[in-house]
Amino acid sequence: METSLSGIRVGMISLGCSKNLVDSEIMLGKLLEAGAVLTASPHQADILLINTCGFILPAKKESIDTILAAIHRRTTTSKKQKIVVSGCLYQRYGKELSALLPEVDLFLGLDDIPKIDLYVKQLIDTPPSSKEMPALNFSPRFIPDFEHPRLKLTPSHFGYLKIAEGCNHPCTFCIIPRIRGRYRSRTIQNVVAEAEAMIRRGTKEIILVSQDTTFYGRDLSNGQSSLLVDLLDSLETLEGDFWIRLLYTHPAHWNASLIEKFSTSKKIAKYIDIPIQHISNPVLERMQRKTEESYIRELLAEMRTKIKNAAIRTTLIVGFPGESEEDFQKLCSFVSSFKFDRLGVFPYSAEEGTKAEKMNGQVPEIVKKRRAKKIMELQKEIAKEKNKELVGKTLKVLVDYPGVARTEWDCPDVDALVHVPYHLPPGHFTEVKIVDFKEYDLIAR
């Protein structure tokens, strides 16, 4: 039976990562397919959908603050707006959140995403006194599908393609497996069909995301091996001039065939996103990262040798329980010597429900922040060195907005920018000459 939401104005506030953004796009696609219309002004919406993040404390605080601000705005304007909350925060806290925020009209879990149009229609038609929330499935099975309608929230020339959902890793600092469930892959055919549709709509950059892209397909092959290279082979056969960018690769699952694929492909961006988290063995062991220092060093060295002109990006955690000054100095030394092309660092966040939260040796907040600052000071100097080497070179860039572009070494909203002449058209590749730089960004003409 078709659901009619004709004329209902829907607003969206999407928080958190690119994977959550894909969920937001699917929910909007379902609502618009049912007749709703999108408004860019949350206060004008009949239905305000807030898709939350619940990963670490700052993200949880942002989600709660956003919900409270929406409730306050509705109260002060006397608007009969319905507030719908979805995403990781609710999936993680369930009844606790609904008890804390009774003003929210509807909470939706991950498995409710494909049925959001039905729940919103029911919300509109049901008197407030008899509202009933859908039962929350704490072992979600939802996987994005090519058949799901989707309203892209990114510029038309790039988009995120979620190839899998969930995670099987036992990292002691992370709550994601508890929130998102076990790893479950889409089929190669399903992913390729969506990529084809994106290219037909003018997409120039397809960004593959999941909790661990290098784990892709292991659940489809009884855990024997990843199917990521097979997926990349299929995507490379698609016609058109576009980049394929991979995010969230796990160092434990890289292999020779994947390195070979990166080194020979003409469509895969020479951009390796590989969060190592740390280099000290005692810390890696407590994190349960399934890697060790010697393996990480050898893998990164092999990448540098075999994948020419690649940018290697990593993410680090400092202040993990038990991280000694010696552990931290080893990390600093490694960052200084290896010279990552792109790097991000997070002070450890103790998350309830994780093994690390209960570990001895919790590091004071002031020490965590000082260590994170030190790492970024090192990286800033490295970035200046690398940018200085690019002055005078001609690079291919993708123009995002008037005056702003990116190289294949830069992911949207995460990495550096190239400042280009304003007349260059957004959504197109072009070549520019680098004439200067400022810290992380390049300046071109």
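Each residue, glycine too, has its Cβ placed from N, Cα and C.
Record features, source Swiss-Prot:
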- Cys17, Cys53, Cys88: [4Fe-4S] cluster 1 binding site (BINDING)
- Cys167, Cys171, Cys174: [4Fe-4S] cluster 2 binding site (BINDING)
- 8-125: domain 'MTTase N-terminal' (DOMAIN)
- 153-385: domain 'Radical SAM core' (DOMAIN)
- 388-445: domain 'TRAM' (DOMAIN)
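What Swiss-Prot annotates, mapped onto the structure for a quick look.
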| residue | record | DSSP (3 states) |
| --- | --- | --- |
| Cys17 | [4Fe-4S] cluster 1 binding site | coil |
| Cys53 | [4Fe-4S] cluster 1 binding site | coil |
| Cys88 | [4Fe-4S] cluster 1 binding site | helix |
| Cys167 | [4Fe-4S] cluster 2 binding site | coil |
| Cys174 | [4Fe-4S] cluster 2 binding site | coil |
With an 8 Å cut-off on Cβ distance to the Cys17, Cys53, Cys88 Cβ center, who else from the chain surrounds the [4Fe-4S] cluster 1 site?
Leu15, Gly16, Lys19, Asn20, Thr52, Gly54, Phe55, Ala59, Gly87, Leu89
How far is it from Cys167 ([4Fe-4S] cluster 2 binding site) to Cys53 ([4Fe-4S] cluster 1 binding site), counting Cα to Cα, in Å?
16
Can you tell me the CA-to-CA distance separating Cys88 ([4Fe-4S] cluster 1 binding site) and Cys174 ([4Fe-4S] cluster 2 binding site), as a whole number of Å?
13
Intrachain C-beta neighbours of Cys53 ([4Fe-4S] cluster 1 binding site), sequence separation six or more, cut-off 8 angstroms:
Leu15, Gly16, Cys17, Asn20, Ala59, Lys60, Glu62, Ser63, Gly87, Cys88, Leu89
Mind looking up the mean pLDDT for the domain 'TRAM' (388-445) in the predicted model?
98
Listed binding-site residues (Cys17, Cys88, Cys167, Cys171, Cys174), ranked by Cβ neighbours within 10 Å, top entry:
Cys88
So around the [4Fe-4S] cluster 2 site, Cys167, Cys171, Cys174 aside, which residues have their CB within 8 A of the centroid of those CB atoms?
His169, Pro170, Phe173, Ile175, Ile176, Pro177, Gln211
